[in-house]
């Protein structure tokens with residue numbers, strides 16, 4: 001009996017030691033996850049997820065103070081980043097599947113929900129590009145325009161439009177906000193959810209006409225539709241495809257490759273930036289490194305207030321609310337922003353979060 005109690009005591013002590021050792025290892029891994037490697041190393045403190053107000057109060061003397069005007073672009077760093085990203089993906093190829101990738105009737109699994117499948121329709125197949133829309137494209141300067149309300153009253157429109165190539169997100173309206181956001185659109189993303197949110201789900205002819213008019217303004221720009229991410233938006237994608245074909249719109253459609261989002265996430269995780277799913281803005285920056293010598297970011301500000309404590313809308317064009325620090329969010333936008341700000345300070349990109357300087 002005494003020997004049995006002794007064995008139980010030893011087992012209990014061993015289990016406790018394993019438990020505490022595992023806990024300590026997890027704590028160490030968590031700490032290591034929060035380091036951005038390279039020069040200008042950034043410690044991603046817990047305050048990032050605890051309170052936006054704390055971050056903004058720190059901003060005056062820390063991470064945001066250089067975000068309005070940047071210095072010169074560090075060309076060697078830009079090339080280094082491009083080379084490293086090419087180890088994970090080639091934006092020229094992965095920006096879109098092409099017609100030869102599938103045939104009508106093929107069944108594919110959704111990227112973020114492998115249990116669900118999608119049939120490649122005739123309309124979808126007919127709109128797939130023959131070759132990548134970014135094949136052999138190269139630009140001196142590019143603008144990636146996010147949709148934060150920080151753009152309002154920024155007077156950045158002319159500066160944005162002056163870039164050789166302008167990337168916009170989620171089919172955001174531009175004409176009525178031209179002074180702040182510009183109107184040039186060379187590449188524009190459109191999540192399927194935009195159909196419901198901005199165009200009433202095409203419930204009536206007026207909604208459809210509004211959508212067709214918006215696309216007609218794009219001319220031969222690239223319309224990038226993430227059609228293979230998750231189930232739920234397939235009917236919206238089909239409606240969009242049908243309207244493009246019916247109205248013979250000149251827009252050039254593109255549909256991201258099935259590996260793109262995992263490849264982008266893999267690059268950032270390898271560089272110790274523990275994102276969940278990359279936001280559209282981070283995705284577009286990552287792609288742009290392939291074909292842009294200089295990348296300028298506008299409309300990136302994932303906080304409810306600016307540096308002066310003034311309220312900032314989630315989108316410059318609507319009243320949609322967003323909980324930036326919610327664990328339920330698929331994105332970690334404040335973390336992404338802080339990472340991009342480090343790259344700004346190192347000269348890898350230019351991040352504008354205030355008024356643009358008139359030329």
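Using N, Cα and C of the backbone, Cβ positions are placed for all residues, glycine too.
Keep in mind it's a predicted model, so treat the numbers as computed, not measured.
Taken from Swiss-Prot, the feature topological domain 'Cytoplasmic' covers 1-7, and the record attributes it to sequence analysis. Across the topological domain 'Cytoplasmic' (1-7), mean pLDDT in this model comes to 52.
The transmembrane segment annotation in Swiss-Prot covers 8-20, and the record cites sequence analysis as its basis.
Feature annotation from Swiss-Prot assigns topological domain 'Lumenal' to 21-359; the stated evidence is sequence analysis.
Among the features that Swiss-Prot reports, N-linked glycosylation site is placed at 50 (among others), with the record citing sequence analysis.
Over all protein chains present, the Cβ of residue 74 (N-linked glycosylation site) has 15 other Cβ atoms lying within 10 Å. A coil conformation is recorded for residue 74 (N-linked glycosylation site) in the three-state DSSP classification, outside any helix or strand. For 74 (among others), the entry in Swiss-Prot reads N-linked glycosylation site, with the evidence type sequence analysis.
The annotation N-linked glycosylation site is assigned in Swiss-Prot to 119 (among others) on the grounds of sequence analysis. Residue 119 (N-linked glycosylation site) carries a strand DSSP state (E or B).
Positions annotated as disulfide bond by Swiss-Prot: 142-292 (among others). Taking Cβ-Cβ distances under 8 Å and a sequence gap of 6 or more within the same chain, the neighbours of residue 142 (disulfide bond) are 163, 164, 165, 166, 167, 288, 291, 292, 294, 295, 296.
Residue 280 (CMP-N-acetyl-beta-neuraminate binding site) falls within a helical segment according to DSSP. Proximity of residue 280 (CMP-N-acetyl-beta-neuraminate binding site) to non-local residues of its own chain (separation of 6 or more, Cβ distance below 8 Å) is seen for 169, 170, 189, 191, given in sequence order. Annotated CMP-N-acetyl-beta-neuraminate binding site per Swiss-Prot: 147, 170, 279, 280, 281, 301, in sequence order.
Marked as disulfide bond by Swiss-Prot on the basis of similarity to another entry: 156-356 (among others). For residue 356 (disulfide bond), applying a Cβ distance below 8 Å and a minimum sequence separation of six or more within one chain yields 154, 155, 156, 158, 159.
Taken from Swiss-Prot, the feature N-linked glycosylation site covers 204 (among others), and the record attributes it to sequence analysis. Residue 204 (N-linked glycosylation site) falls outside any helix or strand according to DSSP and counts as coil.
Annotation for residue 219 (N-linked glycosylation site): spatial neighbours 250, 251, criterion Cβ-Cβ under 8 Å with sequence separation of six or more. For 219 (among others), the entry in Swiss-Prot reads N-linked glycosylation site.
Annotation comment: Swiss-Prot describes 331 as active site, proton donor/acceptor, evidence class similarity to another entry. Secondary structure at residue 331 (active site, proton donor/acceptor), taken from DSSP and collapsed to helix, strand or coil, is coil.
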Intrachain C-beta neighbours of residue 119 (N-linked glycosylation site), sequence separation six or more, cut-off 8 angstroms: 105, 106, 107
Cα distance (Å, whole number) from residue 279 (CMP-N-acetyl-beta-neuraminate binding site) to residue 331 (active site, proton donor/acceptor): 6
